[in-house]
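What follows is one structure encoded as structure tokens, with my remarks underneath.
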Amino acid sequence: MEGLKLPYSVHGGDGGKLVVPLPAFTLASRLRPRCYLPPSTGSKGCAGFITRTVAQLYPSHLLSRYSGMKQARDRGFGTKSASASVQPMAEELVEDKSEDLPTSGNSIRRRFLEFYAARGHKILPSASLVPDDPTVLLTIAGMLPFKPIFLGQVPRQVTRATTSQRCIRTNDVENVGRTSRHHTMFEMLGNFSFGDYFKKEAIRWAWDLSTLEYGLPTDRLWISVYEDDDEAFEIWHNEIGVPVQRIKRMGEDDNFWTSGVTGPCGPCSEIYYDFHPERGHSDSDLGDDTRFIEFYNLVFMQYNKLDDGSLEPLKQKNIDTGLGLERMARILQKVPNNYETDLIFPIIEKASELANLSYALADDPTKTNLKIIGDHLRAVVFLISDGVAPSNIGRGYIVRRLIRRAVRMGRLLGIKGDGRGNTEGAFLPILAEKVIDLSTNIDSDVKARAARILEELKREELRFVMTLERGEKLLEQMLLDALLSAKEKGTVPFLSGKDAFLLYDTYGFPVEITTEVAGERGVSIDMSAFDVEMDNQRRQSQAAHNVVKLTVENGADLTGNIPDTEFLGYDTLSSRAKVEALLMNGNPVVHASKGSEVEVLLNRTPFYAESGGQIGDHGFLFVTESDNQQKAIVEISDVQKSLGNKFVHKGTITEGTLEVGKEVEAAVDANLRQRAKVHHTATHLLQAALKQVIGQETSQAGSMVAFDRLRFDFNFHRPLLENEIAEIEGLINKWTGDAALLQTKVMRLTDAKSAGAIAMFGEKYGEQVRVVEVPGVSMELCGGTHVSNTCEIRGFKIISEQGIASGIRRIEAVAGEAFIEYVSSRDNYVKQLCSSLKVKAEEVTTRVDTLMEELRMARNEVSAARAKAAIYKASIIASNAFHVGTSNKIRVLVECMDDTDADSLKSAAEYLVDTLQDPAAVVLGSCPDEGKVTLIAAFTPGVVDLGIQAGKFIGPIAKLCGGGGGGRPNFAQAGGKKPENLLSTLEKAREDLVSFISEKTS
């Protein structure tokens, strides 16, 4: 919650100093580029100019210290104070004091939360951008964290809540920077009611917040309602007093919210701000972005949509609202778009500085590029902070794509290297520092993760710059091919839309650059085909989980009847319990018999359900008669949490019949539970050791605690060194030997974080959390099972360490019984090696090295012998070469060399081109192994100069053998999988060579 405590004061008290009631940022930052100075000058050189300019150009805005909310509201939004005196502004007031001003982004956020807190709402922290919801990739809406409550899957902890939720949407990323309001990352301020208040209160409070708290003039606010929602219309008109002409009834597409084909739904009502009230009411269109902006959306979740499309009233009516922070900041700060608010513009200013240009004086395309950089840097910093690393799949691909777009925009702006003279450096980390500075009141954890964020951005940018350079070479080759093809066919040279899209999507080339470079070479681009490729990608992106679906499966029918499962497993491994529900194939049943695979819900259980990376317990459910004779046995192989805090025991009935309502004896497999406990505690020690050895900035990116091993994913940019692995193992084994007693306690989340407890990756926490501490070593928030004393771990060994994604490493390790088994098996392997090699254990490495060297020498001898044999064959077939061409006779040789291996075939080809001399063209083929074909093409400079390249020639030929390949213009290799086609393939190669050479030399 620390991130929500924003500095703010509404009372004067600075000794009569005068300040600007609009953010100092708004005026100063928009004037600063007008006195643009070279980078070496620094910003202080503009201070006097800004002070004078503000005093001269904006005298009506130099008001006394904001002295009370009511006074400000009475003045009305944007009106001048007749009583305010105008005095020169002291230079120290030019500093950005936006945090202290009522129109700053931080203030708008804080005032929203406090407004609703004063009306009984619980202020809750923003959830991670990585949602606990498989239907979406990222947190795309403020209501997403409350989806289980809206579905009735989990009980509500509060009846009213308010949040400032970080959100990411990329389905319309192409509009970012080009419109005034589109973003990838945005903050959604929301107030929620879970079966408590409804339309009347939601509408009244939204209006009061807008007009009284934020001071928006009532005559600039327009309302939209669903066309059939007379109730909302009447509230807005009769109770709030909005004139009928400023209330628009709109259709289902615009003002009826649905979560999916079925499920909760309801009408919406929106508040719009009118930038041009002078245009009047006639023919007004709320979709006109030049006049209106929607800033507050109220969803009245009052129906459940059935399979037949009919609507039934919900038993519990809910309120879900969203106010766009960036949009409100734009309105209050009186800037032309969301990007020029104090939430984003400092990033844009920094980018302008690195590009050595003035934003105020820039043309529209340049401003667009700067806006894209500002927006995307914001998004990637928070995504990386929340554990998303750049990759080629899922969330990681989104991060990578945004980073690459930002890098491309930077290059378009002329930023070289880091923008500060180091051409080998990266500029994104410099901009990210500004984002991190602005993050304090959004997510206080971002600063703690700064080192990892900056390193990740630097590494990804430098890697992409190399990709861009490869793309430049590819574009050059594409243009040469287009020109050559057009010359041969007598057509106009053009680049295909698919090629242009490849450059755009894979190598980061904006199509505008491709078009410009191609135009300089006289090559056009098939833009219609490019647009088709773009549309395909856009459809795929929009289909990739950008809608929150509130639908429930069969299990939802049980939620109202079954209480949450009481977990007893911290204190006992067996207990009596009642069968509350029984499912087969996901459908409720009353009983199930032997051989059936079932899912069992109990009222209480000692079984641990999979969470926090720890897998679910295994064990048995026993049904006994009154005389203690077993009537049924269910073997449990997995336990999962579902529908909130209900434990689903998955297993097979091995004896008898199980019925709903029966009592069972639930017994956990004690041996497997102990193995899990050992590995879970060892995981905590591993994280502590990693932080000590490679740095505190490393953090968990995932984990798995199993019976046979543990797996721990963490953020780090390189493989661990052998000595680092040894040091980590040594630390953990030392802590194990210290026989420390673990301490477990339940406390408030804020207290736990203040005490230094580390949160487990991907876990969601309530107000009360469980803290597991190894005194002096580790303290983590964790609901898993653990040993009582570290000595129970017995031993720890890392069995593998590898990279699984960019900037993500993975360690697999064993501890406890699994450690003993691992060491014993390795000891048996060593004994077998010693017996086979006839050496002692300490001599195995030396003996293996000797054998490897002997093997290498033997292989070299064999390879040399094969090469000699191949050259001998080549000397015999050299006489088969024939001449092609009239004016410049070229020697051509196309032959099959039986089962010659690839390396020897290369040697033979090199021998032949030397023997035949320039100009000569040689194509050789062989079948070195069963089901394998090797092809070699070797052309001398005289052939290459004719425009016949080996790399391009051999590829199509190899396809006849079911393969492919390529290489340099003078030497290329290909392979295939159809030896039966080799002779016909070589015949085709002979015909094509003769044809090409004859055409070129005629």
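Just so you know, glycine gets a Cβ as well, placed from its N, Cα and C.
Taken from TrEMBL as is:
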DOMAIN    103-825  domain 'Alanyl-transfer RNA synthetases family profile'
BINDING   H680, H684, C782, H786  Zn(2+) binding site
COILED    841-868  coiled coil
(message) Within a 10 Å radius of its Cβ, which of these binding-site residues (H680, H684) has the fewest neighbouring Cβ atoms?
(response) H680
(message) Using a Cβ cut-off under 8 Å, which residues of the same chain at least 6 positions beyond either end of the coiled coil (841-868) come close to it?
(response) 830-831, 833-834, 900-901, 903-904, 907
(message) With an 8 Å cut-off on Cβ distance to the H680, H684, C782, H786 Cβ center, who else from the chain surrounds the Zn(2+) site?
(response) K677, T681, T683, V705, V772, E780, G784, T785
(message) Is it possible to get the count of other C-beta atoms within 10 angstroms of the C-beta of C782 (Zn(2+) binding site)?
(response) 27
(message) Using a Cβ cut-off under 8 Å and a sequence separation of 6 or more, which residues in the same chain sit near H786 (Zn(2+) binding site)?
(response) K677, H680, T681, H684, L742, T744, V772
(request) Over the coiled coil (841-868), work out the mean pLDDT and round it to an integer. (result) 90
